[in-house]
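**Student:** Can you keep this structure in mind? I'll have questions shortly.
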(Lines of atoms letter the chains of each structure in order from A and count residues from 1; the text may use other names and numbers.)
(Lines give C-alpha, C1' and ligand atoms only; values in the text may rest on other atoms or scores of the structure.)
Protein backbone atom coordinates (compact mmCIF):
# COMPACT_ATOMS: atom_id res chain seq x y z
CA UNK A 1 0.00 0.00 0.00
CA UNK A 2 1.25 3.47 -0.82
CA UNK A 3 0.17 6.70 0.79
CA UNK A 4 -1.29 9.99 -0.39
CA UNK A 5 -4.23 8.48 -2.24
CA UNK A 6 -5.01 11.34 -4.66
CA UNK A 7 -1.39 11.49 -5.74
CA UNK A 8 -1.27 7.70 -6.00
CA UNK A 9 -4.01 7.96 -8.66
CA UNK A 10 -1.49 9.84 -10.80
CA UNK A 11 1.19 7.16 -10.50
CA UNK A 12 0.87 6.12 -14.16
CA UNK A 13 -0.95 7.45 -17.24
CA UNK A 14 -4.41 5.97 -17.73
CA UNK A 15 -3.58 4.96 -21.30
CA UNK A 16 -0.50 2.97 -20.34
CA UNK A 17 -1.31 -0.71 -19.99
CA UNK A 18 0.52 -3.13 -17.75
CA UNK A 19 2.12 -4.77 -20.77
CA UNK A 20 3.41 -1.49 -22.16
CA UNK A 21 4.68 -0.51 -18.72
CA UNK A 22 6.58 -3.77 -18.31
CA UNK A 23 8.13 -3.68 -21.79
CA UNK A 24 9.07 -0.02 -21.45
CA UNK A 25 10.68 -0.63 -18.11
CA UNK A 26 12.81 -3.44 -19.44
CA UNK A 27 13.74 -1.49 -22.54
CA UNK A 28 14.63 1.66 -20.66
CA UNK A 29 17.52 0.27 -18.76
CA UNK A 30 16.97 -2.70 -16.50
CA UNK A 31 17.47 -2.59 -12.75
CA UNK A 32 17.49 1.14 -12.04
CA UNK A 33 14.03 1.41 -13.61
CA UNK A 34 12.49 -0.83 -10.96
CA UNK A 35 11.93 2.19 -8.72
CA UNK A 36 12.31 2.32 -4.94
CA UNK A 37 10.48 0.15 -2.45
CA UNK A 38 9.83 2.68 0.31
CA UNK A 39 8.36 1.09 3.48
CA UNK A 40 5.11 2.36 4.90
CA UNK A 41 6.91 2.90 8.21
CA UNK A 42 8.91 5.75 6.63
CA UNK A 43 5.71 7.46 5.44
CA UNK A 44 4.27 6.98 8.92
CA UNK A 45 7.36 8.31 10.73
CA UNK A 46 7.63 11.42 8.54
CA UNK A 47 3.90 12.04 8.91
CA UNK A 48 4.14 11.91 12.70
CA UNK A 49 7.16 14.25 12.78
CA UNK A 50 5.40 16.72 10.49
CA UNK A 51 2.22 16.53 12.57
CA UNK A 52 4.04 17.29 15.84
CA UNK A 53 6.15 20.10 14.35
CA UNK A 54 3.26 21.91 12.72
CA UNK A 55 0.97 21.40 15.72
CA UNK A 56 3.58 23.13 17.89
CA UNK A 57 3.75 26.04 15.42
CA UNK A 58 -0.04 26.48 15.46
CA UNK A 59 -0.16 26.27 19.27
CA UNK A 60 2.64 28.83 19.66
CA UNK A 61 1.02 31.35 17.29
CA UNK A 62 -2.37 30.98 19.00
CA UNK A 63 -0.79 31.38 22.44
CA UNK A 64 1.35 34.49 21.87
CA UNK A 65 -0.62 37.67 21.08
CA UNK A 66 2.58 39.25 19.73
CA UNK A 67 2.36 36.75 16.88
CA UNK A 68 -1.21 37.72 15.95
CA UNK A 69 -0.30 39.47 12.70
CA UNK A 70 -0.95 38.71 9.01
CA UNK A 71 2.58 37.34 8.53
CA UNK A 72 2.24 34.78 11.31
CA UNK A 73 -1.36 34.00 10.35
CA UNK A 74 -0.07 32.97 6.92
CA UNK A 75 2.64 30.86 8.56
CA UNK A 76 -0.04 29.35 10.79
CA UNK A 77 -2.15 28.47 7.74
CA UNK A 78 0.88 26.88 6.09
CA UNK A 79 1.39 24.82 9.25
CA UNK A 80 -2.28 23.80 9.27
CA UNK A 81 -2.03 22.75 5.61
CA UNK A 82 1.08 20.66 6.27
CA UNK A 83 -0.55 19.24 9.39
CA UNK A 84 -3.64 18.18 7.45
CA UNK A 85 -1.41 16.45 4.89
CA UNK A 86 0.01 14.40 7.76
CA UNK A 87 -3.41 13.75 9.31
CA UNK A 88 -4.84 12.60 5.97
CA UNK A 89 -1.80 10.43 5.37
CA UNK A 90 -2.09 8.78 8.80
CA UNK A 91 -5.89 8.42 8.52
CA UNK A 92 -5.60 6.71 5.14
CA UNK A 93 -2.91 4.33 6.39
CA UNK A 94 -4.92 3.43 9.50
CA UNK A 95 -8.10 3.01 7.43
CA UNK A 96 -6.39 0.69 4.95
CA UNK A 97 -4.67 -1.37 7.67
CA UNK A 98 -7.98 -1.91 9.50
CA UNK A 99 -9.59 -3.07 6.27
CA UNK A 100 -6.71 -5.36 5.32
CA UNK A 101 -6.68 -7.09 8.71
CA UNK A 102 -10.47 -7.49 8.83
CA UNK A 103 -10.86 -5.31 11.91
CA UNK A 104 -13.08 -2.93 9.96
CA UNK A 105 -15.75 -4.41 7.69
CA UNK A 106 -17.57 -2.02 5.37
CA UNK A 107 -19.49 -2.20 2.13
CA UNK A 108 -17.44 -1.37 -1.00
CA UNK A 109 -19.58 1.71 -1.72
CA UNK A 110 -18.88 3.12 1.75
CA UNK A 111 -15.17 2.34 1.39
CA UNK A 112 -15.07 4.26 -1.90
CA UNK A 113 -16.90 7.18 -0.30
CA UNK A 114 -14.49 7.27 2.66
CA UNK A 115 -11.51 7.04 0.32
CA UNK A 116 -12.83 9.97 -1.73
CA UNK A 117 -13.24 12.08 1.41
CA UNK A 118 -9.64 11.33 2.48
CA UNK A 119 -8.49 12.02 -1.09
CA UNK A 120 -10.06 15.48 -1.09
CA UNK A 121 -8.65 16.23 2.38
CA UNK A 122 -5.08 15.35 1.41
CA UNK A 123 -5.19 16.93 -2.03
CA UNK A 124 -6.72 20.20 -0.78
CA UNK A 125 -4.08 20.31 1.94
CA UNK A 126 -1.30 19.86 -0.61
CA UNK A 127 -2.74 22.56 -2.89
CA UNK A 128 -3.29 24.99 0.01
CA UNK A 129 0.25 24.33 1.30
CA UNK A 130 1.62 25.24 -2.12
CA UNK A 131 -0.62 28.32 -2.22
CA UNK A 132 0.44 29.62 1.18
CA UNK A 133 4.10 29.29 0.19
CA UNK A 134 3.29 31.82 -2.54
CA UNK A 135 1.27 34.01 -0.17
CA UNK A 136 4.17 34.11 2.31
CA UNK A 137 6.54 35.10 -0.52
CA UNK A 138 4.23 38.01 -1.47
CA UNK A 139 3.91 39.04 2.19
CA UNK A 140 7.70 39.10 2.63
CA UNK A 141 8.09 41.10 -0.58
CA UNK A 142 5.63 43.73 0.67
CA UNK A 143 7.40 43.79 4.04
CA UNK A 144 10.75 44.58 2.40
CA UNK A 145 9.82 46.91 -0.45
CA UNK A 146 6.78 48.65 1.06
CA UNK A 147 7.77 48.60 4.73
CA UNK A 148 6.21 51.99 5.58
CA UNK A 149 2.92 51.08 3.91
CA UNK A 150 2.82 47.43 4.95
CA UNK A 151 0.10 47.79 7.61
CA UNK A 152 -2.13 49.75 5.24
CA UNK A 153 -1.58 47.26 2.39
CA UNK A 154 -1.78 44.02 4.36
CA UNK A 155 -4.65 44.74 6.72
CA UNK A 156 -6.15 42.05 8.93
CA UNK A 157 -9.31 42.08 6.82
CA UNK A 158 -7.36 41.47 3.60
CA UNK A 159 -5.35 38.74 5.29
CA UNK A 160 -8.56 36.97 6.36
CA UNK A 161 -10.02 37.26 2.86
CA UNK A 162 -6.78 35.90 1.39
CA UNK A 163 -6.75 32.91 3.76
CA UNK A 164 -10.43 32.13 3.20
CA UNK A 165 -9.99 32.38 -0.58
CA UNK A 166 -7.03 29.99 -0.54
CA UNK A 167 -8.89 27.38 1.52
CA UNK A 168 -12.04 27.65 -0.63
CA UNK A 169 -10.15 27.49 -3.93
CA UNK A 170 -8.03 24.57 -2.68
CA UNK A 171 -11.11 22.56 -1.66
CA UNK A 172 -12.98 23.20 -4.90
CA UNK A 173 -9.98 22.52 -7.16
CA UNK A 174 -9.09 19.36 -5.24
CA UNK A 175 -12.64 18.04 -5.55
CA UNK A 176 -12.45 18.58 -9.31
CA UNK A 177 -9.01 16.94 -9.45
CA UNK A 178 -10.22 13.81 -7.63
CA UNK A 179 -13.32 13.59 -9.84
CA UNK A 180 -11.46 14.08 -13.16
CA UNK A 181 -7.91 13.03 -12.34
CA UNK A 182 -7.58 11.10 -15.63
CA UNK A 183 -8.24 14.22 -17.70
CA UNK A 184 -5.18 15.85 -19.27
CA UNK A 185 -6.91 19.22 -18.99
CA UNK A 186 -7.07 18.90 -15.20
CA UNK A 187 -3.43 17.80 -15.08
CA UNK A 188 -2.41 20.76 -17.24
CA UNK A 189 -4.22 23.13 -14.87
CA UNK A 190 -2.37 21.59 -11.92
CA UNK A 191 0.96 21.87 -13.75
CA UNK A 192 0.17 25.46 -14.70
CA UNK A 193 -0.61 26.27 -11.07
CA UNK A 194 2.75 24.89 -9.94
CA UNK A 195 4.63 26.77 -12.68
CA UNK A 196 2.83 29.99 -11.71
CA UNK A 197 3.86 29.54 -8.07
CA UNK A 198 7.42 28.71 -9.09
CA UNK A 199 7.73 31.79 -11.33
CA UNK A 200 6.08 33.99 -8.68
CA UNK A 201 8.49 32.87 -5.97
CA UNK A 202 11.48 33.10 -8.31
CA UNK A 203 10.67 36.68 -9.32
CA UNK A 204 9.93 37.87 -5.79
CA UNK A 205 12.83 36.11 -4.07
CA UNK A 206 15.35 37.02 -6.78
CA UNK A 207 14.29 40.67 -6.43
CA UNK A 208 14.73 40.42 -2.65
CA UNK A 209 18.06 38.64 -3.15
CA UNK A 210 19.21 41.48 -5.43
CA UNK A 211 18.23 44.01 -2.77
CA UNK A 212 20.26 42.13 -0.13
CA UNK A 213 23.25 42.02 -2.49
CA UNK A 214 22.95 45.75 -3.25
CA UNK A 215 22.77 46.41 0.48
CA UNK A 216 25.94 44.42 1.02
CA UNK A 217 27.81 46.27 -1.75
CA UNK A 218 26.69 49.64 -0.34
CA UNK A 219 28.09 48.71 3.05
CA UNK A 220 31.35 47.52 1.51
CA UNK A 221 31.78 50.73 -0.51
CA UNK A 222 31.72 52.79 2.70
CA UNK A 223 34.96 51.08 3.74
CA UNK A 224 33.60 50.46 7.21
CA UNK A 225 33.33 47.13 9.01
CA UNK A 226 29.69 47.01 10.19
CA UNK A 227 29.82 43.25 10.50
CA UNK A 228 26.35 42.97 12.04
CA UNK A 229 24.64 44.56 9.01
CA UNK A 230 26.81 42.62 6.60
CA UNK A 231 26.00 39.39 8.39
CA UNK A 232 22.30 40.22 8.29
CA UNK A 233 22.36 40.83 4.54
CA UNK A 234 24.25 37.61 3.91
CA UNK A 235 21.89 35.70 6.18
CA UNK A 236 18.89 37.07 4.29
CA UNK A 237 20.41 36.11 0.94
CA UNK A 238 21.22 32.60 2.16
CA UNK A 239 17.69 32.21 3.56
CA UNK A 240 16.11 33.12 0.21
CA UNK A 241 18.40 30.67 -1.59
CA UNK A 242 17.40 27.91 0.84
CA UNK A 243 13.69 28.70 0.37
CA UNK A 244 13.89 28.41 -3.42
CA UNK A 245 16.11 25.33 -3.27
CA UNK A 246 13.83 23.46 -0.86
CA UNK A 247 10.74 24.42 -2.84
CA UNK A 248 12.19 23.18 -6.13
CA UNK A 249 13.69 19.95 -4.72
CA UNK A 250 10.54 18.95 -2.82
CA UNK A 251 7.91 19.86 -5.41
CA UNK A 252 9.78 19.74 -8.73
CA UNK A 253 10.04 15.93 -9.25
CA UNK A 254 6.30 15.33 -8.69
CA UNK A 255 5.22 18.04 -11.12
CA UNK A 256 7.81 16.90 -13.65
CA UNK A 257 6.15 13.49 -13.27
CA UNK A 258 2.80 15.09 -14.20
CA UNK A 259 4.37 16.82 -17.21
CA UNK A 260 5.68 13.47 -18.45
CA UNK A 261 2.25 11.87 -17.99
CA UNK A 262 0.80 14.49 -20.35
CA UNK A 263 3.67 14.67 -22.87
CA UNK A 264 5.12 11.14 -23.13
CA UNK A 265 2.93 8.59 -21.31
CA UNK A 266 4.30 5.54 -23.18
CA UNK A 267 7.90 6.58 -23.78
CA UNK A 268 10.30 4.03 -22.18
CA UNK A 269 12.35 6.65 -20.35
CA UNK A 270 9.25 8.45 -19.09
CA UNK A 271 7.83 5.15 -17.87
CA UNK A 272 11.10 4.52 -16.07
CA UNK A 273 10.74 7.90 -14.34
CA UNK A 274 7.20 6.96 -13.27
CA UNK A 275 8.58 4.02 -11.24
CA UNK A 276 10.10 6.48 -8.73
CA UNK A 277 6.72 7.95 -7.82
CA UNK A 278 6.95 6.96 -4.14
CA UNK A 279 10.20 8.92 -3.86
CA UNK A 280 8.42 12.02 -5.13
CA UNK A 281 5.72 11.53 -2.47
CA UNK A 282 8.39 11.25 0.23
CA UNK A 283 9.85 14.57 -0.93
CA UNK A 284 6.44 16.25 -0.64
CA UNK A 285 6.02 14.91 2.91
CA UNK A 286 9.59 16.02 3.70
CA UNK A 287 8.55 19.52 2.63
CA UNK A 288 5.92 19.48 5.40
CA UNK A 289 8.69 18.58 7.84
CA UNK A 290 11.08 21.27 6.56
CA UNK A 291 8.56 24.15 6.29
CA UNK A 292 8.43 24.87 10.05
CA UNK A 293 12.24 24.92 10.19
CA UNK A 294 12.62 27.66 7.56
CA UNK A 295 9.40 29.63 8.02
CA UNK A 296 8.57 29.42 11.72
CA UNK A 297 11.37 28.20 13.96
CA UNK A 298 13.77 30.92 12.73
CA UNK A 299 11.70 33.49 14.66
CA UNK A 300 13.15 34.15 18.11
CA UNK A 301 9.74 35.18 19.47
CA UNK A 302 8.14 32.01 18.17
CA UNK A 303 10.96 29.81 19.51
CA UNK A 304 10.50 31.35 22.96
CA UNK A 305 6.77 30.65 22.82
CA UNK A 306 7.45 27.10 21.65
CA UNK A 307 9.56 26.50 24.74
CA UNK A 308 6.66 27.71 26.87
CA UNK A 309 4.25 25.42 24.99
CA UNK A 310 6.53 22.40 25.36
CA UNK A 311 6.97 23.05 29.09
CA UNK A 312 3.17 23.56 29.39
CA UNK A 313 3.57 27.07 30.85
CA UNK A 314 0.29 28.45 29.55
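Cβ from N, Cα, C; glycine included.
Note that TrEMBL annotation is computational and uncurated.
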**Student:** TrEMBL tags one of 2-25, 74-97 as transmembrane segment - which one?
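**Tutor:** TrEMBL lists transmembrane segment for residues 74-97.
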**Student:** Which whole number is the mean pLDDT over the domain 'G-protein coupled receptors family 1 profile' (53-295)?
**Tutor:** 82
